[in-house]
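Colleague: Structure incoming, see below.
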């Protein structure tokens, strides 16, 4: 039997079991765990290649075939790092296995026919679209920026560049919720809105959920008191929606113990749980050890670098409408910026105590850098802390699964949308992101929404081929016209679905209901479920987890940075 070398095979069909890839310019290595394709029966499109009539392409009608097949792709997801053909049917993932022509090929699990489009995955990495759960909808241009970075779902609140939205991720009240839902109909992005959760009586909260909010946001700038927390969580329990919280930095209505007690064991998503983004000073970080708390970070503190502390003060003053001429405002800002807790945050991510990572878009965070900052943190931790248990000198597969879960499956579970998005699994919406390994996490090649190409790095449209410069990100057909309505989702509550707000508001996008938001716990956070006992020294701010001091040095140099960007 004729054989080819591993190098030649990888060059033709992409890496196979046992082959390793470096992620961008990081120190992270992945190793393919399993290859679902069949050696000698690989399908590949092109002149003189396999996917031709009577060869790798069958004669079957479209009802029996995939609409799209991604050939020979390396998948990175929470469940594995594998090589497979990915099939898409009616906008959803229909098969992860071996595509081809079953009339002449063995082991076929998905059929290629005359109605099948092919996307070459050889040498590419495919991941699920990112999910950013901390969005201030300050300007609609954020959506394009996020999409081009590989984010396909945005959850948060706001009404545009209003003072309240600059600081808080809330779309307050039924009128604003309706207007925002009508506006986001025009964008190729899955979106869910959070209403304002700060009230001590339920009526004003319940009406926001009924109007279409998928959850409520408690923010200290609106008054996150124990009474407001208790009321908001009660409404969430009644409506099967999630609550996100930015706690009381000034400790005006109680300390971290007061807030944890107000939760009464009920599930809640704590934003920027380290505290630089806001929350009980100096020890809100303790919350990540609670079984009912689903903790996330925002990206301005990710990872801890020599510049992190300096840039935060000015960001804080702008975002929270503070005045540099008022001493109390300066003191408020400075109380949130602590070297010790930011350093500990790096380690708590690496150990799986912090479960998610998001942006805090235009409100201290950068909407297009969720994915970059995640992998920069992973690289920094490998360099400073070495291998994680489960990893080997050959690969960092477990660490990679831990970190990718922070912006894919775990935010999906937290906000009740994991039945639709958040991973590459059969039956889920085909929101997929393609990366060349050298550009992984930095610059995607293709972004699919609902099985159609919504955005891509595209060359000069007047060129004779697609690749000549200038190459930059452009919306593709699923990102324009009616394609948007059929390739993107608007998430709403069950009560809003019952009220048929889609028709009442004149929405054209498909709508999906959030569910199972209240029964989840920290134990459901995949690869990120550690619940340490944390204490913070009130004078030195040193963080102790299960008796161990958590500290690390700031990074002076990061991967995925200047090497990839001119500006």
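Note that Cβ sites are derived from N, Cα and C of the backbone, with glycine treated the same way.
So Swiss-Prot says this about it:
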BINDING   134, 136, 217, 360  Ni(2+) 1 binding site
MOD_RES   217  N6-carboxylysine
BINDING   217, 246, 272  Ni(2+) 2 binding site
BINDING   219  substrate binding site
ACT_SITE  320  active site, proton donor
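Neighbours and distances for these, please.
Modeller: When other Cβ atoms within 10 Å of the Cβ of residue 360 (Ni(2+) 1 binding site) are tallied across all protein chains shown, the result is 29.
Classification of residue 217 (Ni(2+) 1 binding site) by DSSP places it within a strand.
Taking all protein chains in view, 31 other C-beta atoms sit within 10 angstroms of the C-beta of residue 217 (Ni(2+) 1 binding site).
Within its own chain, residue 219 (substrate binding site) has 167, 168, 169, 170, 196, 197, 198, 245, 246, 278 as residues 6 or more apart in sequence whose C-beta sits under 8 angstroms from its own.
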Colleague: At the Cα level, what's the spacing in Å between residue 272 (Ni(2+) 2 binding site) and residue 136 (Ni(2+) 1 binding site), rounded?
Modeller: 14
Colleague: Could you tell me which of these binding-site residues, 134, 136, 246, 272, has the greatest number of Cβ atoms within 10 Å of its own Cβ?
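Modeller: Neighbour-count leader: 134.
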Colleague: With an 8 Å cut-off on Cβ distance to the 217, 246, 272 Cβ center, who else from the chain surrounds the Ni(2+) 2 site?
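Modeller: Other same-chain residues near the Ni(2+) 2 site: 134, 168, 169, 218, 219, 244, 245, 247, 270, 271, 277, 278, 279.
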